[in-house]
Amino acid sequence: MSYQGAPYPGPTPNYPQSYPPTNPYEQNGPLSQVYANDSKTPYDEGRFQPKKRINDPIFLILFILTVLGFAALSGIALNGWISNGGLGGGLGRQGAQTGTAVTLNRSAVYLLLLITAAAVLLSAIYLMLARAFTRILMHVTLVLSILLNVGICIYYWITRYYSGAIIFTIIALFSILAYWGYRARIPLAALLLQVVMDVSKHHLSVYVVAFTALLVQAAFGVWYVFTVIATYAEWTPSSPACNAQTSCSSGKVAGLIFFETFAFLWASQVIGNVALATLAGGPYGCWYYFGPKGSYGGEMPKSPTVSAFGRASTLSLGSIAFGSLIVTLLDLLRLILEAVRNSASQDDNPIGACLACCAACFVGCIQNLVEYFNRYAYIEIALYGKAYIPAAKDTWRLFKDRGIDALVNDSLVGMTLTWGAYVIGLLSSLFAYLYLRFTSPSYNADGQYTAPLLLFSFLVGLQCSLTMSSAIEAGVSTIFVGLGEDPQVLQSRAPELFGMIASHYPHVVQAFASDVSRASLVQVLTDKCDSENQAFCAEWTSAGYIDQVSIGFGAVSLLAILIGVSTYSRRRRIWKAVAWLVFFQALCQLTAFSLITHNYETAPFFEQARPGAGYILNILSWVLGLFVAVGVIVTGMAADSGHSVLGNLARFNKNLAFHSPFFDEPLFGLDTVALSRRNTQPARRDVVDASKFKDEVYPGFTAPTLAISGVNFTHSVASGDPFDTSVILWTRAEPLPSSSGQLPDQSVPVCLSFKIGTNSDLSGRPVDSGEAFTSYDIDFTLKVEATGLKADTKYFYQFADCTNPSIVSPIGATRTLANSNTPAERVNGGKPLTFAVFSCSQFQAGWFNAYGFAAHNTTADVFVHLGDYIYESIGNGAPIGRQTLGRELATIHDYRQRLGQYRSDLDLQAAHQRAPWITVCSSITSQDDHEVADNAWKAGTTDSNDTVAGCTFSPSGGCFTDRKLAGVRAYHEWMPIRQVDAKDQLRIWRNFQIGKLLDLTMLDTRQYNRDVTDVGYNHDFVASLASEPQRSLMGANQEKWFRDTLSDSKSRGAIWRVVGQQIVFTQISRQGDIDFDAWDGYRANRNRILDHLYNNRIDNTAILSGDSHLNWASDLAHPNDNTTYNPTTGRGAVGVEFAGTGVTSSTGPFNRQTFDQATNTSAIYVRDNIDLQWQEGFFRGFFTLEVTPKTLNATYYSMRNVTFRNLDGFAAASFTVHAGENHLARPVAGGKVLSGALKSQGVN
């Protein structure tokens, strides 16, 4: 029997115009027996009358204040952001030069409207079909849902995603078993859906309300997104908007974003729920209680939708906000747990990630239950004007009696409408495709936008259909509440319809039959299932069977996992977790059984023997059974560090050396998924003596084959690229041979653990720790990012062999940088921040004594290398025992071998172990030419040129492009550096804001878009170009970025601007001899930078340079400018330059000179160059730069002899720069240096 009658335009002939004069609930009335034990009072005609009182005013006030606070904060953030160029300085402002202009062209608007209209039309057609073929569509969509679950299950098994496969196997089994229960409810759900569709057909305002709520939520979402972006832009410490008058900090940004997110989530909930209450209290509620000719003797109330919206947005808004607040808090908690899970995953903490995932899943389930519960509570609020707490109590009573019925009914209706929404989405995409196919719009001439437009069309169609469906679902739920609260209303007003509902599923109306004489009183027997209660008994029995199956499945899974879990402590943790799960499940099971048995024994009629709390506890018990089965598997796999294939992948991904040097070019990295599969074997390793294996050892079930014979940390440890909350840690560990006379097995990965803390002996709980794999694929190097660190803090770290934690690396020291908003006087705890600056370390030219001296005899906080960390050439170092291995570098093997040989130097190891390094590609140190090849520019080098002279091969073979890629890849593996952005030809320039003390800006003056340089055969040609106005050493993009960075540094209130780059900036000539490979070959570029400093009055700039293998100290001024600059006093300068000699590299014109001869040569240099105040070229060494808020102090250290290993060095000269003076303090170097030559007039 299907419902064919329509409640409009008037009642059916059998519908009475008013309630019958007799009261069926009176003491001896026909229904008095049925409701004898029902606590619900007889129907009160005033229940549905509007209540003129404000409910839950406290939450109303709190909600209004929250929205106003969000609006005020948004206004401040957006105003500041727009003022600083955000949104192009305005919304779609013409002529904007910066920011992002928000525009929407006419074609996009036209297509959007066209697709939306098509989606609405298609949705209406689907609703018409659903009205005509309701039961058929419900059967079809129910079967499709089951098939979808089965299909996902099969897919996961095929792809060997076993945890997902197990979960979806259980879901698929449940969906198949639930089909038989669902099928019996289809007649009722179909009938209610038909009734609601008829009501909505005569009240199109329901769709207006639904679409209005959608648009308001979408607009609010856009507002929220722009507010968050503006908040980041305004108050992030590194933002240009931050200055001395603006309080900027990461904590402040996090707090503001949290409040904005909270306000957005709460307001979005309230908007949707106001729409629900409007529909429930308006068209649907009025239809249920009044009909077209209501019992109150008149038509349905005029404008029911408008009046219901008025009540929902005023009198009931506090109650709606109350319920919405609960859901919002749960949503925030879930988001926090998701963030914790992601953080644990990144930190390679599978147990923490699993626990956080389970907690987030649990909170998400609770949130969904509360949302579903609130849906009916809001309908109670809309219908009867209740406050939230009374409405929630009545909803709980309703759910105890009919919760499962409501859930099944809503599920059937939801499945029918949701599958239709997906169909509408696909048809909308088809419509968009046909439109593009036959109209061929100009903006899509090449079809480049076809895919995104089809996806966009699908989403528009899906959302339009879901919006219309939500209006229908609100009506179904409203009628269900009416049947639960006041079934007698429908029985009196529409007995024909009521009889049909009762015949389909009498439990919904508590045995309220369409004819009172047909009401049956059924005795419930507790010892058997008779013909009247078979359905309920079957549900109870099935639940029990599923319970036992889940427990058994969980037990089998547990045993399988425990076979593979390798450690006793992990097995104990799993047993403990499972024991608690089983205990709670058994407790729920026993309590449910007792309550239901007692209910059956005491209730005289089956219709009143509703299981209530017992039924809920029973459901909870077999849900816990699922957790036993699924939770044990997930927890066990996560607990066994050597077991999980996914855990193996996480350990490969943890090692940054496997990844590409460039974020946006992943193909330069290795395929860690393939590596994980290659090194994972589904077989247990042969173990002769199990007693050898203790905690943290890996002979596991499906465990990866690991090197278990021990490792050798061949190159000590290193750290680099410090940020304010993280730093990169590096080591290298080769596997040892399993026995003497054998070679180590290098075909299997090595597992290393790391930990970092503030104690020098690493005692106590580490701040961060984790495990990662390395392998021969990356030369057994390993580097990880230690996160969660405190800014401006010293740390210690160490690596260990996972399979034998007693094998450890040396302990290294590192530190984090200050937050960009830290006051200058508080950076480094108020102590001077010292950098040790190096360049040009050639292995065959000498011993790296400078590194050792800096590590042992200075207090440097950070080591900075300005380039030429290695040399590509071979040379002849045999006389001093420093012969380089291999050949001139060309392949990745060559570069790896050379880096390994350099890093074997004990003094270089000590320097890396002593402090964090900021090196090539980290953007604080620059890559010079010898890391790849000599005298590099954007298209070649001296002996491997790709463009100018064709691909002329170097002595070792290989073109410049190939050598560059090999060099960068090997450098990425061997150095503690981060990935960079490769969009600009392997660019390495970047700026670091270290508190308000300084900006450390690193430039690439070697390879990034550099115009042709002197590569030997073209010397005269390059000399002729040196003064060309368009010639650039940096490239246009980098040059503009550098000038902007200097200006931004001044604007944010940084005291010092320290610029690191490779080659000498000041003009240097010796009797007319000019180095055109340096800045002297790019004079216009240098002048533009100096002009920017002068014109914008940018003070306190210091340039650090290397490459020349000589020491220089200069004032910065335009070359040969005797008008602005006074070389005696230094006035008129715009900054200083400190250029350092090499660690070992030869000294050019000073080669084979005596000390006195070298001093004379230096004197010639300072005489011939007006800006140069000191020069020295006899010794090798380095310099330190000590930075305080008031002074900059540079100390040059010279090593007396680099032909053998020693720490015999001395401070050759020391220079001071006072803040605001922009020149070396006079007398220069205090008027005294131990080597080199000072400009005479600069001494006094």
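First residue shown is number 1, and so on along the chain.
Glycine residues also receive a Cβ, built from the backbone N, Cα and C atoms like all the rest.
Sequence annotations record features per position, and here TrEMBL assigns compositional bias 'Pro residues' to 8-23.
Taken from TrEMBL, the feature compositional bias 'Polar residues' covers 24-36.
Annotated domain 'Phospholipase D N-terminal' per TrEMBL: 715-816, in sequence order. DSSP labels the residues of the domain 'Phospholipase D N-terminal' (715-816) in these numbers: 3 helix, 53 strand, 46 coil.
The average pLDDT for the domain 'PhoD-like phosphatase metallophosphatase' (835-1195) in the predicted structure is 81. The feature domain 'PhoD-like phosphatase metallophosphatase' is assigned by TrEMBL to 835-1195.
Here TrEMBL flags 1-36 as region 'Disordered'.
The feature transmembrane segment is assigned by TrEMBL to 58-82 (among others).
Cβ atoms under 8 Å from those of the transmembrane segment (108-129) belong to residues 137, 197, 420-421, 423-424, 427-428, 431-432, 435, 453, 456-457, 460-461, 463-465, 468-469, 472 of the same chain, restricted to positions at least 6 beyond its ends. The feature transmembrane segment is assigned by TrEMBL to 108-129 (among others).
Taking Cβ pairs closer than 8 Å, the transmembrane segment (136-158) reaches residues 129-130, 164-165, 168-169, 171-172, 175-176, 179, 182-183, 186, 189-190, 412, 415-416, 418-420 in its own chain, all 6 or more past its ends. If you look up TrEMBL, you'll see 136-158 (among others) marked as transmembrane segment.
Sequence annotations record features per position, and here TrEMBL assigns transmembrane segment to 164-182 (among others).
As annotated by TrEMBL, transmembrane segment applies to 203-226 (among others).
According to TrEMBL, the feature transmembrane segment maps to 315-337 (among others).
What TrEMBL records for 349-370 (among others) is transmembrane segment.
For the transmembrane segment (419-438), the residues of the chain that approach it from at least six positions outside its boundaries are 111, 114-115, 118-119, 122-123, 126-127, 130, 137, 140-141, 144-145, 444, 450, 453-462, 464-466, 469, judged by C-beta separation under 8 angstroms. According to TrEMBL, the transmembrane segment annotation covers 419-438 (among others).
Feature annotation from TrEMBL assigns transmembrane segment to 450-472 (among others).
Residues or ranges marked as transmembrane segment in TrEMBL: 545-565 (among others).
What TrEMBL lists as transmembrane segment is 577-596 (among others).
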If I count Cβ-Cβ pairs under 8 A between the transmembrane segment (58-82) and each of 203-226, 315-337, 450-472, which range comes out on top?
315-337
Take the transmembrane segment (450-472) and find every residue of the same chain, 6 or more past its ends, with a Cβ under 8 Å from one of its Cβ atoms.
111-112, 115-116, 118-120, 122-124, 126-127, 193, 196-197, 200, 206-207, 209-211, 214, 279, 413-414, 417-418, 420-422, 424-429, 431-433, 436, 444
Positions whose Cβ lies under 8 angstroms from the transmembrane segment (203-226), at least six residues beyond its ends:
74, 78, 87, 260-261, 264, 267-268, 271-272, 274-275, 278-279, 282-284, 287, 304-305, 309, 463, 467-468, 470-471, 474-475
